[in-house]
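Worksheet: one structure, shown below.
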Amino acid sequence: MSEKKKVLMLHGFVQSDKIFSAKTGGLRKNLKKLGYDLYYPCAPHSIDKKALFQSESEKGRDAAKEFNTSATSDEVYGWFFRNPESFNSFQIDQKVFNYLRNYVLENGPFDGVIGFSQGAGLGGYLVTDFNRILNLTDEQQPALKFFISFSGFKLEDQSYQKEYHRIIQVPSLHVRGELDEVVAESRIMALYESWPDNKRTLLVHPGAHFVPNSKPFVSQVCNWIQGITSKEGQEHNAQPEVDRKQFDKPQLEDDLLDMIDSLGKL
């Protein structure tokens with residue numbers, strides 16, 4: 001029996017490993033058929049949801065709906081916190097990198113990285129030079145085969161910019177929702193444009209800030225992974241095509257899941 005392939009799954013802000021696992025059920029089931037096991041680490045920073053929106057201008061905002069998280073669970077986490085006085089100013093605590101290093105050593109090595117929102121932003125940064133940033137050897141973690149970003153963005157703080165100047169070798173799929181009001185299109189495209197032309201693919205779905213679970217969409221993602229990891233794809237160093245036409249209209253399954261997500265019913 002061939003060894004199981006593994007994917008590192010990085011959840012979004014105000015989520016957790018369990019919440020992200022529940023919200024990627026369709027993707028997980030289909031990737032399992034392709035021989036992949038998905039691993040969900042949980043960010044080390046606990047978040048008080050009640051303290052998120054305290055100012056007068058923020059009152060009435062719904063954390064569960066805005067961050068595509070659970071309305072019932074108070075056990076939610078984040079990978080880093082922004083400076084309240086400057087959106088583009090933040091530092092990722094070294095314990096985050098230490099935690100992920102140990103997680104890779106204990107559960108890896110991994111074939112790919114998939115992230116959502118803040119987790120995709122962190123994942124995109126890590127993938128610029130995964131082993132150097134996490135202090136891993138090539139024996140501990142061989143070269144990653146792919147990276148998928150759902151609503152991910154380029155880290156804005158100046159201290160992280162030099163990493164994006166590298167020629168990133170990991171093939172990437174960048175997914176954004178046309179109705180996403182949490183992460184602006186310009187921020188998603190900034191991460192996308194950090195990759196060389198022959199190492200990046202853009203996929204747009206008609207939904208908002210969530211990971212779609214419709215069968216046509218999941219099939220496209222799985223087909224992309226199969227194409228990028230196939231012997232032919234690796235030899236020709238080319239990105240497989242994705243069919244945008246399948247997503248011109250919202251899928252009923254996605255709409256229902258999004259409504260359920262807003263109710264916090266995982």
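Any Cβ shown, glycine's included, is placed from N, Cα and C.
The shown structure was predicted, so the numbers you read here are calculated from the model rather than taken from an experiment.
In the three-state DSSP reading, Ser117 (active site, charge relay system) counts as coil. Annotation source Swiss-Prot lists active site, charge relay system at Ser117 (among others).
Swiss-Prot lists Asp180 (among others) with the feature active site, charge relay system. When secondary structure is read from DSSP and collapsed to three states, Asp180 (active site, charge relay system) falls in the coil class.
Sequence annotations record features per position, and here Swiss-Prot assigns active site, charge relay system to His209 (among others) based on similarity to another entry.
Spacing of His209 (active site, charge relay system) relative to Asp180 (active site, charge relay system) is 5 Å (Cα to Cα, whole number). Separating the Cα atoms of Asp180 (active site, charge relay system) and Ser117 (active site, charge relay system) is a whole-number distance of 11 Å. Ranking the active-site residues Ser117, Asp180 by how many Cβ atoms sit within 10 Å of each one's Cβ puts Ser117 at the top.
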